[in-house]
Every structure is written in structure tokens, then in C-alpha cells.
Amino acid sequence: MSVIERLKTMATKSPWIYRINAGSCNGCDVEMATCALIPRYDVERLGCQYCGSPRHADIVLISGPLTRRVLDATLRVFDEIPDPKVTVAVGVCPISGGIFRESYAVLAPIDQYFPVDVNVPGCPPRPQAIIEGIAQAVQIWRERL
Amino acid sequence: MSSQIAILIAVLLFPGGLFALALGLGLKGADRRIAARLQGRVGPPLVQPFLDLVKLAFKRTMVPTTAHDLVFLGAPLIGVVSMLVAAALVPISGVYSPAPALGNLLVLIYLLLVPAVVLMLAGSSSSSPYGAIGFSREMALMMAYEAPLVLIVAAVAVRTGMAQGHWVTFSLTEIVEYQRTHGLFLLDPVMWPAVAAFGFFYPANLGIVPFDIPEAETEVLEGPLLEYSGPALGLFKIMSALKAVVVIGLDIALFMPLPLDGVPAFLGWVVEMVVLMVAGVTVLRISMGRMRIDQAFVFFLRWPLLLAAASLAVVVV
């Protein structure tokens, strides 16, 4: 394994996470906060860190069915995240719209607008499932580095 | 010529440069791991700050279209260089003393100001409103904590200078030598207020809770660092790692240089570093909330300033 490959493997041990709430009901956001912040599901041991700025992020977690009002803002924030990046859609809303699927104001599925790499279904998904999703995202991220 | 090479080695290899960077990243890693343990978490590995740097090297640096490119990308470089020189200015008792040509305590104080100025430049050149808020907060905080620092340094300099027969000495080597022969200032009741004041100064200078007001993640989204990404952000991480070594090294040189020589002196110095980092930074940051900028400003101009002034007054009189 060359030095560059080895360094890339080291780099994947530092995935920084950014959350985008695309009109979510906050249920998935609470689960995401639970993942990192309580001792039981400490994701900092994987090197993860929530960052406040999209410019610092590597893995972006999108929750919510993507309402019409937030579309432009969400796309702008998404473009602010430097490459290489991986997108994880958290919850069932990004896949199908979930309980909001009948609404005229909802644009789900969101993979029409964002290159979603990992889907974590659930309403809301369990913290273990979100951590599993992040772990899969790290695998994909390794290939893109 | 050989003295110039010695200075170059001091700046780039030991005790500045690579050694200071490794030690600073280690201190940051220990800080994060011990903080996690105190909160009942497992925490990241000890080398996590190093892994973060490797990761940032693989990312792309984005420059906002409205930013001033030269200042935006030049600011982190200035910060790293100033801290490299500053790290070479801090003596390690019994192991290393800086060459007189490199500078003295006054130069070191000016260099300690540079990271704050660099953060202000970074915040204002990024054209982000959060950066602008970070800029104004950084400036206010810097003005608040610089005043106690100057008085602390004056107290130590006058104390050493008067004991040696002249008024004041700004040579850190002389200050360390004096304490090696006459006992540590840490054990001198006259200097206790100054030691306490320095204890308030270094968390503020390192920008950690409760004094991380300019870079508050939850309020102003890391303020001046908001628009930075990739290697440029990595340079800021390097700067803050070096700054931890410089500021804590200055604390050790001013108040508690161990009267040892060779390898034991070096190991003792590293142990002092870790103890000061854990006691002064880790425990403080996980047990406190963030102050508001006006509270921090008034706090620094009240307690640390008063304590440092008390030491200086007793020393002079």
C-alpha cells in the first residue's frame, strides 16, 4: 500500500458531520443529536464531529421531505460543502415523503435534487441505524478521496 | 553562521516546528479524550487531531467570491509562522534556552498577539457576517486579556530584575536561571496572584469554553473560521496546536521551571504541560458554560487584572 493510500485510510477516521434539516418534523434531528451527544452512542470515538459550518463538513445528513420553501436554501448550503463529500438521507421522508407524502408543498423523493449515497429509513430511525449509515458513508467516502 | 543554523533548527525542529506541532496535537488529543472520559464517553483516539489534519489535507479549499483572496489565504500562514518562532522563544529549563539573537520576552508577548490578529483578519476578509461578529468579539476579548498578561509579565520581570540588582529583565533565560537557583515563583506567596491571573489568561488565549466567545460554534458557527475549508482550515488547527505549546510553555517558564537537567528535566516539562492542559483547559471547559462577551470583558478587567496588579505592586514596593 502506497503512502498516499495509507494517508487516505487515516483521513477516513475523521469524518465531520453536517446536518441539513429540509423541512423535517425534528424527530430525526433529535435522533441524530442523540447519536453523538449521549454517552451510550458516542460517535466521537469514530472521529466524528458535528460542525457548525458546511465548509468544514465531509458527510452531510439530510432529514425531512424537502419542502418547496427550503429547496433553494438547501441546495445553496449543499454546494457550500467542499468535495469529496457523501450524502446520507436520514428518515423515511427523504425517500418517499413519509407521512407528508400527500402534501402539495413537498418535493420528496429528494434524490431528484441531491446525489443521495446512503438511505437510512425509519420514522425516526434508531440511533444504531444512523451510526450504521454513517459507517457506510465513510466506506463510500474512502473511494472518493 | 552556525548560530543562524542553530536558530533555524530551533524554529523548525526543536523546540519549535515539528516537535512543538507533535506535542501540541498530542495535548489536543489528550484534552479531547480526557474530556470524553469525564463525561462518561469513550472518546476519540489520542491521535485524532493528527487524523483531522490528514483529512483536511485531502479536502478542497474554497474561497468565497466576495472574500479578499490574498488576506483570506495569507492570514493562516502568518499565524503558523508567528507561532513557530514563538515556540522557539520559550525556554525549557535544563534542556533548551533560546539564542539571544532570536528575541526576548517582549518579542514573545507581541508574537502571542498575532494569532488573535490573524483570526480578526480571517474573519473580516471572509466577508461573512458571522466572521464579522467573530472579528469584533475577538478584538474585545483580546483587549481584555492582554492587560492582565502585560502586568503578569511585568511582575515576573521586575521581581527577577530587582533580585539581580538591575531594575527589570526581559530575558526568559535569566528568569528561568534565577528560579533554578533561588526557588520557583510558584512557591513564592508574592507571585501567587500572578499565577492565578495567568491561570485565567491561558484558557482565554487558547479560545476554549468559557472564553471561546469569538469562535462559539452554536452562536456564530465558529466565527472567523466559518468560511475556511481544507488545507487552510488545517493551518488554523496547526496554529492553535502550536499556540497551546507556546502559552503553556510560557506559564512553565515564568512560574515553574523544574531545577533539573537533561532527560528528567525534559520529561518533567512534558508532564507539567499535560497537567496544566488537563487542569486548566479540559476540566474548565467541560464544567462551565460559555460567557457572554460583555461578561468576559468585565471579568478580565476585574479579577485577573486586579490579581496581576496586586503581584506587581507588592514586587515593586
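Glycine residues also receive a Cβ, built from the backbone N, Cα and C atoms like all the rest.
Bear in mind that TrEMBL entries carry predicted annotations, made automatically and left uncurated.
Same-chain residues lying 6+ beyond the ends of the transmembrane segment (B:6-27) with a Cβ under 8 Å from its Cβ atoms: 46-47, 49-50, 53, 83-88, 90, 92, 95-96, 98-99, 101-102, 238, 240-246, 248-249, 270, 273-274, 277. What TrEMBL records for B:6-27 (among others) is transmembrane segment.
The transmembrane segment annotation in TrEMBL covers B:70-96 (among others).
Sequence annotations record features per position, and here TrEMBL assigns transmembrane segment to B:102-122 (among others). Here the transmembrane segment (B:102-122) has Cβ contacts under 8 Å with residues 7, 10, 71-72, 75-76, 78-79, 82-83, 85-86, 88-90, 131, 134-135, 138-139, 141-142, 146, 149-150, 153, 157, 170-172, 175, 205, 214-215, 223-225, 228, 236, 239-240, 243, 246-247, 250 of the same chain, all six or more residues outside its ends.
Here TrEMBL flags B:143-162 (among others) as transmembrane segment.
The transmembrane segment annotation in TrEMBL covers B:182-202 (among others). For the transmembrane segment (B:182-202), the list of distant contacts is 145, 148-149, 151-152, 155-156, 159, 163, 247-248, 251, 254-257, 259, 276, 280-281, 300, 303-305, 307-308, 310-312, 314-315: same-chain residues at least six beyond its ends, Cβ to Cβ under 8 Å.
Annotated transmembrane segment per TrEMBL: B:241-260 (among others), in sequence order.
The feature transmembrane segment is assigned by TrEMBL to B:266-284 (among others).
What TrEMBL lists as transmembrane segment is B:296-316 (among others).
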Selected stretch (most C-beta pairs under 8 A with the transmembrane segment (B:70-96)) from B:143-162, B:266-284, B:296-316: B:266-284
Ranked first among B:143-162, B:266-284, B:296-316 for CB pairs under 8 angstroms with the transmembrane segment (B:241-260): B:266-284
